[in-house]
Amino acid sequence: MNEFFAFFDQNKVDGGMVVFLMFFSLGIALFQTIILSGLYNLKFPSWLFFVLCPLFIGLSFLVDSKYTLMVFFFLFASVFILGIIGMFYSGIRSSKTEKAEREKFNSKHNIKETTLGKKLLGLLMMVGVVGGFFWLLYIEKAHFLFFIIPGLIFIKFIFFPSNKSKFLKLQAVLPTSKMNAIAMGLVEVEGDLEEIEPIISPYFSKPCIGYYYTIEEEGPADDDGKRSYRTIFTELKVGNFKIKDETGSVTVNGEGLEFYFDRIDKQMGGKKRYSETYLKHNDYMLLIGYADSDQGNTVLRKGDSNGIFGVAIPQSISFRNKYQPLLVSFLTTLFFITLILIYIILN
């Protein structure tokens with residue numbers, strides 16, 4: 001430390017050097033202004049540091065010329081110190097702001113925060129998967145992954161199908177009923193939708209029979225500069241309506257109805273992307289639901305809690321029914337050929 005101060009004692013500056021240092025300090029003042037206003041979000045006159053920095057250097061020269069270089073050094077070092085501290089401060093402040101916005105967003109849309117138990121369960125599952133992978137590497141059995149991963153995928157699709165998969169399987173076996181000949185129980189009907197009491201969509205305020213509302217958040221750009229979105233909120237709401245064909249119409253209780261078609265009717269982009277898909281008056285749809293009697297009138301609704309209740313566009317279903325068997329045969333053949341090739345290579 002003594003050597004540090006001795007350096008400044010031995011390097012006194014003259015008047016010409018002071019003028020140069022005062023001029024150079026204007027650059028330091030520029031960086032200080034940017035850092036304090038940007039990272040620290042402080043409010044002060046924009047000219048403040050452009051006056052203070054040269055003033056400190058000039059005053060130090062008037063007091064004792066040996067202090068001038070020391071003052072300049074500390075002003076120069078302050079840029080790096082303020083910058084490093086500012087990055088941490090800005091990150092903490094940004095994190096708090098994002099947390100507050102997320103809590104406000106969750107409160108507005110009635111989104112429950114993930115419980116600690118679920119977070120711990122997810123962490124344990126991730127640790128188990130990673131641990132299992134490294135254990136297989138340790139015992140030199142990593143090739144088992146070529147059988148384990150496809151096996152898990154196969155089990156998932158066979159024993160734990162999604163509601164959409166169940167809907168499509170039912171559609172393939174259920175006959176399409178006419179409105180005047182609907183039997184009680186699970187049925188498939190096809191026809192035009194009729195609005196009874198419209199509901200209003202939450203973002204675009206569109207009157208409709210029902211809506212599927214999604215909010216997506218922009219993610220980081222990939223190597224090609226393209227940005228992806230992740231879904232942070234979804235809401236599905238359907239009111240009561242009617243579905244009709246040439247033989248008559250039937251009332252549908254829309255609570256619990258799911259949309260099994262890919263269509264976006266309105267969208268607005270930005271950092272957050274808002275999308276809405278509507279069930280509209282005169283939409284021609286295929287519907288699978290539970291037929292029940294309400295005071296002698298047939299009503300379609302959701303059955304039990306695990307019951308299938310959804311709508312789809314008939315044209316897309318017809319296209320799928322035509323080409324799905326070929327696709328399944330191709331993928332099944334490819335799957336077993338791949339397993340055989342892996343077995344041959346490993347043995």
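For all residues, glycine too, the Cβ spot is worked out from N, Cα and C.
For 20-40 (among others), the entry in TrEMBL reads transmembrane segment.
Per TrEMBL, transmembrane segment is recorded for 47-63 (among others).
Annotation comment: TrEMBL describes 69-92 (among others) as transmembrane segment.
Under the heading transmembrane segment, TrEMBL lists 120-138 (among others). Long-range contacts of the transmembrane segment (120-138) within its own chain (CB-CB distance under 8 A, at least 6 residues past either end) are made by residues 144-145.
Annotation comment: TrEMBL describes 144-161 (among others) as transmembrane segment.
Residues or ranges marked as transmembrane segment by TrEMBL: 326-346 (among others).
Comparison of 20-40, 47-63, 144-161 by number of C-beta pairs under 8 angstroms to the transmembrane segment (69-92) places 20-40 first. Listed as Cβ neighbours of the transmembrane segment (47-63) (distance under 8 Å, sequence separation of 6 or more from its ends, same chain) are residues 13, 15, 18, 21-23, 25-26, 28-30, 32-33, 36, 70-72, 75.
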